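As written in TrEMBL, here are the features:
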- Cys83, Asp85, His139, Cys142: Zn(2+) binding site (BINDING)
Amino acid sequence: MSASVTMVFAQLADAFSFCTSPDVRHVRTTADPPMAPEESLKMLKEGNRRFVDGRPLGARTKDAARRQLVDQGQAPHTAIIGCADSRAPLETIFDAMPGDLFVLRNAGNTCTHAEGSMVGSLEFATGKLGSRLILVLGHTNCGAIAGATKTYLEAKVPQKAGSALQGLLQDLGAVAEQAVQEAGPGASADEVTARAVKVNVYHTMSFLLRFSESIRSAVREGTVQIQGGIYNLETGSVDFLGALPTQTELLDSTMAIPPSMVEAGEARGKHGVRTGADSAVPKDVALKMLKAGNERFAAGAPTATQTSGPMRKALVQCGQAPHSAILGCADSRVPVDTVFDAMPGELFVLRNAGNTCTHTFQAGGENAPGSALEGLLQGLSSVAKDASEELGPGALQEELAAHTTKVNVFSSMNFLLKYSEPIRELVRKGDLDIQGGIYHLETGRVEFLGRSPQQAELLAAEGTLPPSMALGTVRTTSDGPMAPQAALKLLKVGNERFVVGAPKAGKVHSSMRETLATGQAPHTALVGCADSRVPLETVFDALPGDLFVLRNAGNTCTHAEGSVLGSLEFCTGPLKTRLIFVLGHTSCGAIKGATSTFLSGQKTKAPQALDALLQGLGSVVSDAQKELGKKATEEQVAAHAVKLNVFHTMNFMLKYSEPIRQKVRSGELEIQGGVYDLQTGRVEFLGASPSQAKLVAAEGAVAPSLKSKMQGA
C-alpha cells in the first residue's frame, strides 16, 4: 500500500473518531473552578502539540457550547501577552477553545507604551476572571524586535522619537542592548535579534512583577504563575521558558502601578485635575505646561492617561478652570488634548477646518461660493495671498503651503485682537496672552511661534464687532405652534442655505440667548445619527430654539426605546411641536456594521452594547436584502438599509407610542423622514412612512423594553 493511501486512511480514521465523539471539547465558563497553573500549562502544551501534528480540536464548537459562554460568562485558564504578528494567532497555536484564553497582543508582546492597558487587563484576568497562569509569548523572526535591534545597532547618538513607532523601537532598545551584551562580541545582527526575542519575553515578565502589586502578591502566594515562551514560526512549536530567573528578587518590588499611570501632582490641580477650586495659572506657566505636555507626547511618555471617579466628580462639582484656550484644526490627526498630554479640565478647545475665525462671506453675487467648502477656501484665500507676497515670486508650492499655515495662525490671532473688545482689553492689561504654534505631523512636536507681529498695532486701533454678527430671531414659548408643513419648509430652506454655504443661524447675540431662557418652542423634533459628520442644527442651519434633537448611532429607537419615545412625547405634548423628522445619512457606520454582520452570517454573542445595537439593526438589513435580491452587493444593501432604517424608526413610533399615534391620526402631528448625503450636504426628503396608515389604524402596543419593566414593577 502506498504512503499516500495510508495517509488518506489515517485522516479518515481521525475524522471518524471525531464524528463519533458525542462531546468533543468542553468549554470553560464561570461554572468551572479556577484551574491550577500547572494544569493550565499542561493544556497549552497539549494544544500546541495538536497544532504541530495537524490534529486541532479547538475549532470544533457547537451552538450549545457557545450559548454556555454567553449565559455563564468567561473563565479563561490562561492570560497571554503575545505579538500582534498575523503569523502567530495565539488561539490557533494552542488549539484553544473559545473561553480558554484571555489574549492581549501588540507589536513586540511588550508592556511598553501600553502599560496601563496591559497591566490593568492582566489584573482583571487574574482577579475577576480567575486566570491562574500568565504566559508571555514571543516568536522567532519578530519584526518589532528586528526593528528595535536594527535601530539600536545603527544609532550613532541617542535621538528622541519622531513617531510612536520610533518610540516603541527605541524603548525596546534596552532589550537590544542586553541581547548584544549576552550574545558577545562578533555576533551578527541576526544572532542578536534572535537573542533579543528571549530577552524581550523576560523583560515583559519583569515589568509585570515590578509594576503590579496585585499580580506580584498572587505570584508570591503561589496562586498565579508567570511563564514565558517562544513560538517558532517554522516548526509551529512553542519553547516554554518557565518562570523568570530573577522572579524572587522582583517580588520585593514596592511599585503599585506602572510609572506612566502615576498622577502628575499639584500641577494637575487639587483634585488631580484642574477645577474651579484651583487658582488661575499665570500665562507664562500655562505656556510652560503646554510645552512640557507636548514634549511628553512627542517622546511617547504621556501621563494624562487616567481619570478617576473622584476627579470627574470634582470637575462637575467645582466647575472648570482651564489654564489655556486653544483654537485648533478639526483634522483628525491633531487631537489637541492628546498633543499636549492634557487632562480633562486643562484645555478649553475650539476646532474647525483651518483653525480660523474667518469664513464670513456674503451669499449671492458673482463670486458667491457654490458650497460651504468653497466658502471656507475663499475665506482662506487672502491668507494664501499674503503668504505668497511675503515669499515673493518663484516660491515652490510646498514652501507656499508651509508658509501659509504660519500666516494663517497669525491671521486667526489678529482676528481675535481686532474683533473682540473683552479679549483686547485683557491682553492690553497683561492678564491674557495670545500665542501661536504649528503642530508638525511628522514629529509630533509643536513649533511655538510666540505673539502676533501685529499685536501692538491692533491693540492701539479701535475694535469692532465681527462682520457676521447680524441680528436674528429665535423661537420661544411666546410663539404659537408651527404647522407641520411650515416646519418642513424651514428644514428644506435651511438645508439649502447650508449646502450653498450661506448659513445665517450662527448670528446669535446675548439678547437672543436671554429670550431663550424664558422657555423653548421647537418647530421640529429631530431623531438623527450621532455621527460627528452630521451635526443636525448645522445641516438645517437652525437657530437655538428651532430643533428638539435626539441622536444615537443609527438614528434608531432600538435599545433606547423609553428614552426616545418619552422625549418625543414630551416634545409633541408640553412643547407642542407638530413635526417629527427622522434623518438617516449615507455611509452610516452603524448600518454598515450591521450589514457586514448580517451578510457574513456571523452570530455574535453580543458581549458589548455595540454588538447588541448591530444585531438590533439586523432586521432592517434583512429587509433591504430581500427587496434588492441576493445579487445585490454589500454596499448596495447598506445604502438601501439606510432608507429602510428611517422608515423603521418612524414605524416604531407609530406602533409603540399611543400619544404620538393619536396626534398623527388627528392630523395634529406629522412624522417625516429623510436621508442626508455626506458628499453633497443635501437632505433627500422621503415624506411619511409607507406603513403609516396601517399602523395608525392598528391597535397600539407597549415598547418591548418598557413592557418588561412594567411587568417587573
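The backbone N, Cα and C atoms fix where each Cβ goes, glycine too.
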**Asked** His139 (Zn(2+) binding site) has how many other Cβ neighbours within 10 Å of its own Cβ?
**Response** 22
**Fill in**
Here the 10 Å Cβ neighbour count for Asp85 (Zn(2+) binding site) comes out at 19
**Prompt:** Long-range same-chain neighbours of Cys142 (Zn(2+) binding site), Cβ under 8 Å, sequence gap at least 6?
**Reply:** Cys83, Asp85, Gly108, Thr193, Val197, Asn200
**Message:** Test of understanding: give the count of other CB atoms lying within 10 angstroms of the CB of Cys83 (Zn(2+) binding site).
**Reply:** 24
**Request:** Determine which residues of the same chain, besides Cys83, Asp85, His139, Cys142, have their CB within 8 A of the center of the CB atoms at the recorded Zn(2+) site, and list them by sequence.
**Result:** Gly82, Ala84, Arg87, Ala88, Gly108, Asn109, Gly138, Thr140, Asn141, Gly143, Ala144, Ile145, Val197, Tyr231, Leu233
